[in-house]
Amino acid sequence: MLVVIGLAFVEGAVVLGVLTLLAPALQSQGVGAGGPGLAIAAYGVAVVVASRMVRVVSRRLPMPGLMAIGGLAAEGGYALLAVHLSIATVIVTALLLGVTWSFLHSSLQTWVTGVLPSARGTVVALFAGCLFAGSAVGASAGGAAANSQQWGLLFGATAAVALLVTIAAVASRRAYESRSVG
């Protein structure tokens, strides 16, 4: 149970926390408020579209595969921003983060509901609390780099953390499944 809760914390930092810094990153490049707002709206569109894709893909891939798709989407988006920051790359990253939310987050959320069925409500509340605490920590930690205009460092570090959380999520879920079967 604690593994899933810890993964939710880190996912909150990577997906929700740093997502809040995408618009300020564009504004620091001289782009007015309208452009970044529209670019970030791509996240919402991607969540709607990708959430429909999860149902189809989950028929062919087990949960670790769904987690890998979602986590690698975040890693790829942030790596792209570490190399080049523009409206186009922010739109692509926002779209990829929508895929992350749909594939990785929904997988973690599904997993946590079955970890301790006798205390499901408590476990889900802890999961949600850690997700949002991670979001706050991600925004705060990222804010330090943002204040000094170190966008490449911020997005590069976030890409690395996204890769690590993806590896941890996939490996942990595989271990959980092998214990459950055996």
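Even glycines carry a Cβ here, placed using N, Cα and C.
What TrEMBL records for 1-182 is domain 'Major facilitator superfamily (MFS) profile'. Feature annotation from TrEMBL assigns transmembrane segment to 38-57, 78-104, 124-146, 153-172.
With pairs at least 6 apart in sequence, the transmembrane segment (124-146) and the transmembrane segment (78-104) have fewer than 3 Cβ pairs within the 8 Å limit; the two do not touch. Same-chain neighbours of the transmembrane segment (153-172): 3-4, 7, 10-11, 13-14, 18, 21, 25, 64, 67-68, 70-72, 74-79, 81-82, 85, 100, 104, 107-108, 138, 142, 145-146, counting only residues six or more beyond its ends whose CB sits under 8 Å from a CB of the stretch.
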